[in-house]
């Protein structure tokens, strides 16, 4: 009788450890998928001057890609940097 209790307790302990370990691995895989993937797209420069004006560039970026944490940079042209929902598996 005592051996049966020890065996049952051992099996139960191993099962609980297995469930906890597989749950941790599942959480790590989900966290890995949640990493942000950034995209960059060029936009047209200022029509009159042909130069990139950062205020206009930021405004156009926010209008085109709303709610995606957009950022704009001006070098030779206006570039928008935003989170890519289609790469992250979001609609």
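Here the Cβ of each residue, glycine as well, is placed from N, Cα and C on the backbone.
These come from Swiss-Prot:
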SIGNAL    1-26  signal peptide
CARBOHYD  35  N-linked glycosylation site
DISULFID  39-84  disulfide bond
DISULFID  52-74  disulfide bond
DISULFID  57-78  disulfide bond
DISULFID  61-80  disulfide bond
CARBOHYD  68  N-linked glycosylation site
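Taking the features listed in Swiss-Prot, we show where each one sits on the structure.
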residue : record         : contacts (Cβ under 8 Å, 6+ apart)
57      : disulfide bond : 43, 72, 73, 74, 78, 79, 80
61      : disulfide bond : 43, 70, 71, 72, 78, 80, 82
84      : disulfide bond : 37, 38, 39
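Cβ-based crowding with a 10 Å cutoff singles out 80 as the top-ranked of the disulfide-bonded residues 39, 74, 80.
For the disulfide-bonded residues 52, 78, the ranking by surrounding Cβ atoms (within 10 Å, all protein chains) places 78 first.
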